[in-house]
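Student: This is the structure I want to talk about, given as structure tokens.
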Amino acid sequence: MLTKFETKSNRVKGLSFHPKRPWILASLHSGVIQLWDYRMGTLIDRFDEHDGPVRGVHFHKSQPLFVSGGDDYKIKVWNYKLRRCLFTLLGHLDYIRTVQFHHEYPWILSASDDQTIRIWNWQSRTCISVLTGHNHYVMCASFHPKDDLVVSASLDQTVRVWDIGGLRKKTVAPMGEEGLRLSQVNADLFGSGDALVKYVLEGHDRGVNWAAFHPTLPLIVSGADDRQVKLWRMNDTKAWEVDTLRGHVNNVSSVLFHARQDLVVSDSEDKSIRVWDLSKRVGVQTFRRELDRFWILTAHPEVNLLAAGHDSGMIVFKLERERPAYATHASTLYYIKERFLRSYDFSSQRDAALINLRRPTITTGTTVPPRTLSYNPAENAVLVCSDAEGGSYDLYMIPRDAGRTGEASVEGKHGVGGSAVFVARNRFAVLDRGSNQILVKNLRNEVTKQCPSPLPITDNIYYAGTGTLLLRCDDKVVLFNVQERTVTAELTVPFVKYVVWSSDMEHVGLLSKHAIVIADRKLANACTVHETIRVKSAAWDDNGVLIYTTLNHVKYCLSNGDSGIVRTLETPIYITKVFGDLLFCLDRDGKHRQIQVDTTEYMFKLALLQRKFDTVLAMIRGSALCGQSIIAYLQQKGFPEVALHFVKDERTRFNLALECGNIEVALQSAQEIDDKDTWAKLGVEALRQGNHQIVEFAYQKTRNFERLAFLYLITGNLEKLAKMLKIADMRNDSMGAFHNALFLGDVRERVRLLADAGQHALAYVTAATHGLEEEAGRLAEGLPEVPPLDPQAQLLMPPAPILKEDNWPLLTVSKGFFENLAKKGAAERGAAANIEVGDEELDVAAWGDAEGPDVLGDDLDANGDLLDEDGHVETGLEVGDEEGGWEMEDLELPADTPRAAAGTAVFAAPSQGTPPQQRWIQQCTLAPELIAAGSFDAAMRLLNRQLGIVDFTPMREYFLDLARGTQSVLPVLPGTPSIPLALDRGWDAQDPSKPPTAPALVYSLNALEARLKGGVYKAMTDGRFSEGLRQVNALLHLVPLTVVDTRREVDELKELLTIAREYNIALRTELTRKEVKDDVNRAAELAAYMTHAQLSPLHTALALRSAMSLFFKLKNLATCAIFCRRLIELNTAPKIAAQARQYLAACERSPTDAVQLNYDARNPFDLCSITFTPIYKGNQYVECPFSKARFKPECRGQISPVGDIARIGADASGLLCSNAQSSR
């Protein structure tokens, strides 16, 4: 049985698959109806209107409806799109056991404990027939899939078959309204004549719980409380018992025919599901659960899936694998279908049967499908592996003329082995799991060589080139050279299911259940793609892109780990070959399918990765590739200039242009947008590049006069600074005018401004200090008291500018591919904002020497607006006769400025280097390194996938410490900002120009060990349990944020995590014991539990002494004696050992327990540290994916108290703390 989905809930009494969507309804004993997506494993919705258990539920075949029936005597019809109950059907007088929609008519069939079966019209919402005849509870009733029949099972020990042909005829040719009313009255009083009992099947010795029709044959199967499953056959006149299937040891709850095979499936209260061969009438498979009784069984109407409900939830499963065994060589596919080895030519699309696989390995008692197929082109041979006999293989030699003369019968050579693959022209390797050896055999199936596996446990082998194998164990694969018997590479990966090599054997895809790992032939440069649903198949295309399928998508993965969706799927498929944009696939029935896909997205990313910019340009111009995801991808990969060509929205173009430093495109977009925020951002970027003319233009657009004045000051443009003084004066901006006068050194203007502002004393002091005696005398006359002057006063005069420069000097560099494209595109757009050097182009060289727009040479009014010759205010800050603000067309070069050669080299700012943090983010794969690089979001997603961490609040300070610990600053000249430095872990003084590899980290394994010994151990010894818990929680938070170098250190870090977990549980147990010290019995239980924590001998001795004392006081002397013996065995101090012997002697005199406690010292257990109750060996539990602490099943979904960061029961891949785990 292959379990596909499992839930934990109250007892499931009813199940129904949706006919088209991957949904299943589960009705619970608690009264709730759950709607699950079994493919994604998520709860879609829940419906809670029934009072009491809901025993029956069923989806409609085509409408968005389902029906439910419960112990509240009500039948409810629901619309799952509207998420509500549409109406309720009332009429039954007792519990309703099952409900079902008719496949064609608007009918609902219901069976009830009131001993009746009712048929309802859900459109008219009336009962149209009542089937009476059973004299006990009717446990189930169902329509025949094709005929006008109903089968029912009752506790009166009978199965009845009802003919409802009369009811169908009445609905096809309905009577009048009066006739319907009369028919309804008769039906209520005497039973309906529209449904007649056709057969009564008697044979069970006890009540019958279930009966079901065969989908195509005239057969019925029933299950009863007599623990038997019976088969019945019927014809037009009679029905009779065919056989009885015995094997269940308790009541049979449900039974049905398998839709696709000659099988009967039944489940029972004996906690088992049994599969019976319909032709041989014997049991072939049994699946058991430890604790849960089964109550309901259902089959999917279209797909090969079954579902069973039990005491604690439900399972969705299928009986065998449906993945076809296949192998591809060149342009031919070899695959197995219905016992035949077949070939399919991709070019001619010709399919032919080659040989008949007659050996019993495929049908040994039960149908065991082949698992893998390996093809040898040199000898035209195949190896077929299956799970029969615990793992076996068959070797077949394909005749050269097979396929042309029809299928041939070939006797294969059989052998036993875990798996078998070809490794050379005439050799194949077989894994012997029992001895953990690899056997090399020739084509006569004779052993020619044996070599032990380098792994302690090898569970599968895969082809990896001539003479080389990939060996798999639980968490890694190794590359093994069979000839030299050496391991050449090793890679830590999730549990690998399939291996896919590229055609040139240079790359390999390792497929796990929920992950794909791509590596080169040496298992290096590995990258991992995680999926939330199952990965099904994969194949490489001719460009080195891995195309793979999940249950509902076709996806791609590049060699750098970038992935995306190609298209969605209705049903799962298995890719066999990729030709351009055409996928060749097999479905689960072994049928060939061809799927057309759009390769534009991944071919674009591949061209960008390979830096084939001509291809990128062609795809930009010729395709409709666009969207926010592509733009975000280009930004993430450092190609914002490429993203510019996808964007038509000016605001987005502006932001991208700023990011890539393209001031030209940013200026064009800013003029199109023309708002204050845009100009402000443009001014900041232009100032960063030292382009003062664009800064000036942006400040003028935003009328930011203060910044504009300061710009003129630092560039030494005193002429325009004087004009800014005039503007401020006309705007009545006294403070701005005073600043400008101060910058210019215009003392008279400052005196005037102070006097106008009413600051006569300050005006006098300023005039007198600067020697303006006439102004000082005039001002002194108006002062009541003349302020004294400081004899040490110094003149406040700005220095005269020595060098006036508009722009920073720029280097001569060649423009890149996309920069030239951007300039060409800008010329084509004809933007009005071009600052021209020549006749057509905006050239950066002009920005170094050209004069700015002489806006400030004109007169302005008090608001800062320009005045024309007649004194009228112009419509904007204009230049010349054109409108549009302070345009840039009037920028002219001095006559001696050299012109740049067109199209070759220009003066451009040197491109900004890649920050070390960005390099770290691109290169690092460990969560602590991503945190140190500042990529908190990516690190948190990684920690969630690896360890199930969902609450990062307790780790916030450690995140910040990691990020701050990688930064330092280098002080430089006074008055200038310090230079930030990134601290790289791989920095080498011998090679200081080496690019950054990984950030330096502040936490190390040694520091964590010191914290354990100096913090946790000491606090535990001193009895400071709250402090100890704080220290151990800090240790738990630091473990996932620590990186180590070697595999030995990885093991040490995992051991440290185990120690921290044990101390966390022990400390919280002790703190809980102190809280409940008034409850002596509970306190004793907790003290006993604490003695089983894996602590150091010193702390174990302390826990044992505490428990020994409590149990002695409680008169539980038998258990106390156990603690005494354990304490003596620890070889503690003589004084403590003597005390323990005294206690032991006293206990042995009366070795009994006065109080019954929930503690069994001899039964191994784990402590649930939420409920603080033991989980004894063999009981169910759920784990914290981070600490591996175990909890009761009802704790699933809660935050684990061991660290307070991870969710209990979450899926996680495990702790990844070293690059050594992912490479050799």
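Any Cβ shown, glycine's included, is placed from N, Cα and C.
Because TrEMBL annotations are produced automatically, they should be read as predictions rather than curated entries.
Relevant sequence annotations retrieved from TrEMBL are reproduced here:
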DOMAIN    340-587  domain 'COPA/B second beta-propeller'
DOMAIN    628-770  domain 'COPA/B TPR'
DOMAIN    815-1221  domain 'Coatomer alpha subunit C-terminal'
REPEAT    5-46  repeat 'WD'
REPEAT    47-88  repeat 'WD'
REPEAT    89-130  repeat 'WD'
REPEAT    131-164  repeat 'WD'
REPEAT    201-242  repeat 'WD'
REPEAT    245-286  repeat 'WD'
Student: Check the repeat 'WD' (201-242) against each of 5-46, 47-88, 89-130, 131-164 and return whichever range has the most CB pairs under 8 Å.
Tutor: 131-164
Student: Same chain, outside the repeat 'WD' (47-88) by at least 6, Cβ under 8 Å from its Cβ: which residues?
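Tutor: For the repeat 'WD' (47-88), the sequence-distant neighbours (Cβ-Cβ under 8 Å, at least 6 residues beyond its ends) are 13-19, 23, 25-33, 35, 94-101, 103, 108, 110-112, 120, 122, 125, 301.
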Student: Helix, strand, coil: count each for the residues of the repeat 'WD' (47-88), based on DSSP.
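Tutor: The breakdown for the repeat 'WD' (47-88) reads 0 helix, 24 strand, 18 coil.
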Student: Who are the long-range neighbours of the repeat 'WD' (245-286) in its own chain, taking Cβ under 8 Å and residues 6 or more past its ends?
Tutor: 1, 209-215, 219, 221-225, 227-231, 292-301, 304, 306, 308, 310, 319, 365-367
Student: For the repeat 'WD' (201-242), what are the DSSP-based totals of helix, strand and coil residues?
Tutor: 0 helix, 25 strand, 17 coil
Student: By DSSP, what is the split of the repeat 'WD' (131-164) into helix, strand and coil residues?
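Tutor: Computed counts for the repeat 'WD' (131-164) are 0 helix, 20 strand, 14 coil.
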Student: Could you tell me the mean pLDDT over the domain 'COPA/B second beta-propeller' (340-587), as a whole number?
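Tutor: Averaged over the domain 'COPA/B second beta-propeller' (340-587), the predicted model reaches a pLDDT of 88.
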